[in-house]
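**Student:** I'd like to ask you about the structure that follows.
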Amino acid sequence: MKTRIFIGSSSEGIDVAKRIKTFFAPEYDCFLWTDDIFRNNESFLETLVKSASLFDFGFMVFSADDKTTIRDQHFESPRDNVLFEYGLFLGRVGLDRAFVIAETDAKIPTDMLGITQTRYETIVNSKGIKVATDSLESSLQKLKKQIDENVQLGHLGLLPSTVIAISYFEGFVKLAAEWLVENTPELMINNHKFNKASLKIVMPESLDTDIKRSAMMYYKRHGLEEARIDTKHRNYPIHFASKTEDGILEVYDMPTILTGIDKAIDMYFRVGHIGKTNEQKLAEDHEMNNFKRVLQLLINEDAFCRECVEIIEPQP
């Protein structure tokens with residue numbers, strides 16, 4: 001699951017928006033405001049209000065579309081609605097996640113001069129059409145480094161999945177990893193001795209199904225045995241595969257706590273229907289991706305977890 005980027009612009013700036021999408025597409029899931037992902041009867045304003053629940057980052061293209069006169073001086077400026085929409089998006093997601101990509105000739109309001117901006121130059125081609133030069137991609141390369149860093153550092157939003165990932169890590173993963181590391185070698189489970197152990201966290205394919213039942217089916221399909229472990233804080237049931245001839249223990253866990261995300265999304269969208277809208281599916285994928293990213297960051301910061309914990313996708 002890739003990090004998601006929303007790209008907004010005026011109608012005149014759509015070609016620039018498409019180039020931005022092409023640039024980031026190899027490593028990010030990019031969506032233009034013109035893409036068919038929102039309800040037909042929903043305004044762009046409503047779309048932006050929901051954007052914080054659907055996307056990780058937002059780009060707004062400030063193309064020089066209008067003429068503005070300020071104190072008898074004439075300037076080219078972005079459309080008023082684009083400025084408003086950026087301000088709304090910024091208020092929803094914050095400076096670390098909302099970015100301006102502006103044409104060099106576009107006059108930006110003085111209140112926004114402190115905001116980091118990515119600039120690009122334009123020329124008029126042989127057909128008399130104003131187009132962005134290669135300076136766009138050069139500037140986007142610098143922006144990408146900033147986005148990549150934000151993702152790697154884990155600039156977290158106040159999403160349900162962030163809280164759930166932290167709870168799952170502190171309440172199970174961290175304790176289980178500590179128990180596995182401290183008790184190996186010479187670890188005994190069900191009368192078998194193991195010299196090496198690992199914890200594999202199995203991400204469910206989606207939130208569409210009953211995760212508890214999906215977990216039970218996964219454990220059964222892979223012939224996993226059941227046992228209990230006594231950590232310093234509580235007793236946990238586990239499912240494991242044993243390679244007794246090699247002395248290797250593999251513990252598997254599918255985080256059923258993710259069911260809470262599905263319920264939170266249903267409440268957010270005030271679900272009164274059967275099935276999933278595109279917006280619900282986007283929100284679910286976004287939350288799943290964020291859960292996995294936050295959990296991986298927490299694993300990377302813990303010495304015991306780095307030693308034995310791995311996040312995996314379900315195997316058929």
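Cβ coordinates come from backbone N, Cα and C, glycine included.
I grabbed these lines from Swiss-Prot:
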BINDING   Phe172, Pro237, Asp253  3',3'-c-di-GMP binding site
DOMAIN    4-121  domain 'TIR'
REGION    161-316  region 'STING domain'
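Tell me about the surroundings of these features in the structure.
**Tutor:** Residues near Phe172 (3',3'-c-di-GMP binding site) in space but far in sequence (CB under 8 A, at least 6 apart, same chain), listed by position: Tyr236, Asp253.
For the domain 'TIR' (4-121), the mean pLDDT of the prediction comes to 77.
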**Student:** Counting across all protein chains shown, how many other Cβ atoms sit within 10 Å of the Cβ of Asp253 (3',3'-c-di-GMP binding site)?
**Tutor:** 21
**Student:** Express in Å, rounded to the nearest integer, the largest CA to CA distance found among the 3',3'-c-di-GMP-binding residues Phe172, Pro237, Asp253 named in the record.
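**Tutor:** Answer in Å: the longest Cα-Cα distance is 11.
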**Student:** Same chain, not part of Phe172, Pro237, Asp253: whose C-beta falls within 8 angstroms of the C-beta centre of the 3',3'-c-di-GMP site? Give them in sequence order.
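**Tutor:** Result: Ala176, Tyr236, Ile238, His239, Val251.
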**Student:** Using a 10 Å radius around its CB, how many other CB atoms surround Pro237 (3',3'-c-di-GMP binding site)?
**Tutor:** 9
